[in-house]
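This report concerns only the one structure given below.
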């Protein structure tokens, strides 16, 4: 029965595996393997500039690598424990990293190997990072149930908000807006107004822990992903930030926790698409509007 269910679901999606194969139809060697940038597991990856990415690792380091050459160009060290999240403002030379050592650090792409700014203040592991488009403000979230706002120039904490049981799993900034989206282990997705650091909206609670979120480039839609097991839960959910009464679409097909979700860049001849990754060892690409059923 499980085999039949998998066969029914798989044709809606494209699966990317480490051996370079893409589903049943993709060419062999569709992926490129890059030289190791870390000496232990990679825990987070984010785009830095069109040809660069930044990654964080269990080896406590932050690395900047080239998409084209696959080479690690810079390596930053300073955290005392595993790096949990990395991020950067688009086209910025500043990189931000969060760690299990309860701190956040800022690094200059063309600066020294040490951090240019520290953001201490959380009581537990920092699990969420979101930077404003101009890289002047930073929002952080932690398992200590708090969200904080920081001035990236001075390192000053400009605000701190605590909500009971709000164990933060991810943060992302809405392009062109003062809003930050946040997912939590309390199964909710919150929209924060960064100006006063207050919750502007909370979406209807889901049935499972929300593990990750992303916002479309036009700032209209938000994605969240759910934990799950044995085919229960593990979906991604599309929300309309203008019509905030309920979900727009759901993407079901993973058999274990969906660990990350992202809007893919739009091509001139391509339908809007999203990608999800899962503990079931697959990455799936979905048609945003039809959930792959088109």
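Placed from the backbone N, Cα and C atoms, the Cβ positions cover glycine too.
If you look up TrEMBL, you'll see 16-39 marked as region 'Disordered'.
The feature repeat 'WD' is assigned by TrEMBL to 76-109 (among others). Listed by sequence, the residues of this chain that lie at least six past the ends of the repeat 'WD' (76-109) yet keep a Cβ under 8 A from its Cβ atoms are 43-49, 54-58, 60-64, 115-120, 122-135, 138, 140, 142, 150, 152, 170.
Positions annotated as repeat 'WD' by TrEMBL: 119-160 (among others). Averaged over the repeat 'WD' (119-160), the predicted model reaches a pLDDT of 96.
Taken from TrEMBL, the feature repeat 'WD' covers 168-202 (among others). For the repeat 'WD' (168-202), the list of distant contacts is 85, 127-133, 137, 139-143, 145-147, 149, 158-161, 208-215, 217-219, 222, 224-225, 239, 241, 244: same-chain residues at least six beyond its ends, Cβ to Cβ under 8 Å.
Residues or ranges marked as repeat 'WD' by TrEMBL: 251-287 (among others).
The residues of the repeat 'WD' (251-287), classed with DSSP into helix (H, G, I), strand (E, B) and coil, number 0 helix, 19 strand, 18 coil.
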